[in-house]
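As given in Swiss-Prot:
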BINDING   Ser101, Asp241, Asp243, Asp245  Mg(2+) binding site
ACT_SITE  Ser101  active site, phosphoserine intermediate
MOD_RES   Ser101  phosphoserine
Amino acid sequence: MGKYFGTDGVRGVANSELTPELAFRLGRMGGYVLTRHVGEHPRVLVARDTRISGEMLESALIAGLVSVGIEVMRLGVISTPGVAYLTKAQGASASVMISASHNPVDDNGIKFFGSDGFKLSDDQEEEIEQLLDTAEDTLPRPSGEGLGTVSDYFEGKQKYIQYLKQTIENDFNGYHIALDCANGATSGLATHLFADLDADISSMGASPNGLNINDGVGSTHPEALAAFVLDKKADVGLAFDGDGDRVIAIDEIGQIVDGDKIMFICAKYLREQGLLNNNTIVSTVMSNLGFYKGLKELEIEDVQTAVGDRYVVEAMREGNYNLGGEQSGHIIFLDHNTTGDGLLSGIQLINVMKATGKKLSELAAEMKTFPQKLENIRVSDKNHVTDNPKVSKVIGEVEAEMAGNGRVLVRPSGTEPLVRVMVEAATKEETDEYCERISAVVRSEMALND
């Protein structure tokens, strides 16, 4: 990670860390790096989620883009994967999404996509960072006809919805689907998509007001949708995050079906159809041990990466794999889109239900999970957790006690000032005890003093 760019673009508290001034400079520097070889007036798409700070940052970013001669097409509120798809579909030179995904409303972020719809490489981000840190801005400052322009392309939402419908062979007639849009970017997309697929719909978290994104709803709060599914007697529930690149499912009896299980279900189905490239799925080190045991029983190969959907996508492209993702709900179907896509993943999952005639609880039960606990600890300097001798000592002690029947993962978050402690063990009691033992040391050594 660089000075400005984390694992998912530039993020920070809006108007104090991620300021309009920084957004303007990101527009100038990022726009220049991504379009300098394109020719006169390259086209860049700009979109945002529903945060109150979105319009402020959008205005500043667009000003920066226009100042280096870029033609901006403004998409309005749309999901991150919608932007990625439309970048290629519209032949744009690049695109920018303004969102902090699942983070609280005070945060916001800016992430770029290249003309191929993929997130930027480390080299591209490093070049933008070098320009940001240059004492004097010497980039072109055209005038008159050399300036860029701004136009709206709000109909891009419908084009994206129509594309998603083409990725499956079934409609959803006869299914009652509960949707939780996290008061975010899928609020204006999900109900239209599933209505077009002839499903019966109940929705929550679909009334954004600028302040309620991810607030007790969405993929980071699946318990809200679980209660909603039971109340509405739905066949399945889908909870998206603020920018729509994640999904967590709920089965008909209110159980959470996380990204691991969704990937497992879809991998099994794709393999049966002869559609799983190289008989391999890509996941991160956060996936449950039960996920890997289940894949082994199915004789499906797996490739593990560091945490972050960008690393999953990199491995998928390198190995020509078409399915990968994260336990958190970032799932990439590379045959259909270039990034995690909650809506796409949701319809692929329900398509498997329709094709097999099985309930989601039946499909999910085919993968057994190890008890797992995750603690997020706010710290003063997340990057030194692996260097702390007391933290290393307690991890070693726990791993020795596990004797191979479990695992520990302690790592810095790529997007927030947190250390994440994840433990899996044979029983829930052991998992809780080991996780608390390690977390206590991390808190003692590194936690912020409130």
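Backbone N, Cα and C define each Cβ position, glycine as well.
Taking all protein chains in view, 34 other C-beta atoms sit within 10 angstroms of the C-beta of Asp245 (Mg(2+) binding site). Other Cβ atoms within 10 Å of the Cβ of Asp243 (Mg(2+) binding site), summed over all protein chains shown, number 35.
Other residues of the same chain near the Mg(2+) site, with their Cβ within 8 Å of the Cβ centroid of Ser101, Asp241, Asp243, Asp245, are Asp49, Ser79, Thr80, Ser99, His102, Gly184, Ala185, Phe240, Gly242, Gly244, Arg246, Gly340, Gly342.
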